[in-house]
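Annotation comment: TrEMBL describes N13, Q46, N66, G76, N77, N170, N203, E221, R222, G231, T232 as substrate binding site. Residues annotated as active site in TrEMBL: C75. Marked as active site, proton donor by TrEMBL: C75. Annotation source TrEMBL lists active site, proton acceptor at C230.
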Amino acid sequence: MKVRFTKMQGAGNDFVVLDETRGRLQLTPEQYRRLADRHFGIGADQILSVRPSPAPGVDFEYVIHNADGGEVEQCGNGARCFARYVRDKGLTGSDTIRVQTLSGVIEPRIGADGRVTVDMGAPIFALPQVPFDAAGLSPHTDGGWEKWTLALGTNADSPKVQVAVLSMGNPHAVQEVADVDTAPVREMGPKIEHHPRFPNRVNAGFMQVLDRSRVKLRVWERGAGETLACGTGACAAVVAGIRLGRLDNRVDVQTHGGVLTIEWRPGANVLMTGPAVTVFEGEMEL
Ligand SMILES: N[C@@H](CCC[C@H](N)C(=O)O)C(=O)O
């Protein structure tokens, strides 16, 4: 089977985008993994499938698979690329698009400068909904919110980290670090991702606060490893930083792939603004 695709990136988080508006490709997890493979396939952190509206009041359905082949609830950088894709391909004439995802409806809006702002919905703090199993643990209060101590191993001397836990539709554990460039993202990331307290695994964020409106962030993504940027990770880090009292309501998040601007006021939805770029198009035999 030959599959036509568009390769896109948002702040270096890269995607294979598939048009399923005229019929499902019915790909298997193994086929998603082949598309994402950087040696035997196209290469991508996530595969994004564009499907027709599943319900009145929404324009499209947006389905996300991680590079490991698993379907996931949400992808922020992907949402911006999704919006540019459907507009640039003429699948919609509108600059504001309502999109159904596995975790609810989000609303990307394409700006005059080509950047995209996405209303990502409200963050979720209820631990069972993240989901995070806090049974038997007590949180440590820090600046008005709470952090949880996780042991990264079973020995008494295993390293411990303190994380803020929340969901942006998908699960995130955010820790503050003194220097993001030397933070042990690749060593600790997989251990946090697979920590037994997160039954659905988790995305692990490492945030360095530069000042009240600027942070640096690296994210070890569930099902993809460290990526150059993670949109929901940026939203989760800023929301955590605001709740912990470290950050103002509008923050520039510097990632290895570019800057994302995140705005949030407690009780409101999170807005994320950043780039979305088409890299190339092609066809792959699957
Ligand atoms: N790159 C994404 C997040 C993609 C999904 C994530 N790896 C998960 O498993 O939840 C983003 O930009 O938000």
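Just so you know, glycine gets a Cβ as well, placed from its N, Cα and C.
Values in this document were obtained by computation on a predicted structure and should not be read as measured data.
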Pairwise Cα distance for N66 (substrate binding site)/the residue listed as 'active site' [Å, integer]: 9
Secondary structure of N66 (substrate binding site) (DSSP, helix/strand/coil): strand
Assigned conformation of N13 (substrate binding site) - DSSP reduced to three states: strand
Cα-to-Cα gap, T232 (substrate binding site) vs the residue listed as 'active site', nearest whole Å: 6
Same-chain residues at least 6 apart in sequence whose Cβ lies under 8 Å from C230 (active site, proton acceptor): N13, G76, N77, N203, G205, L217, V219, E221, T255
Three-state secondary structure, which DSSP defines for N203 (substrate binding site): strand
Sparsest Cβ surroundings (other CB atoms within 10 Å) among the binding-site residues N13, N66, N203, T232: N66
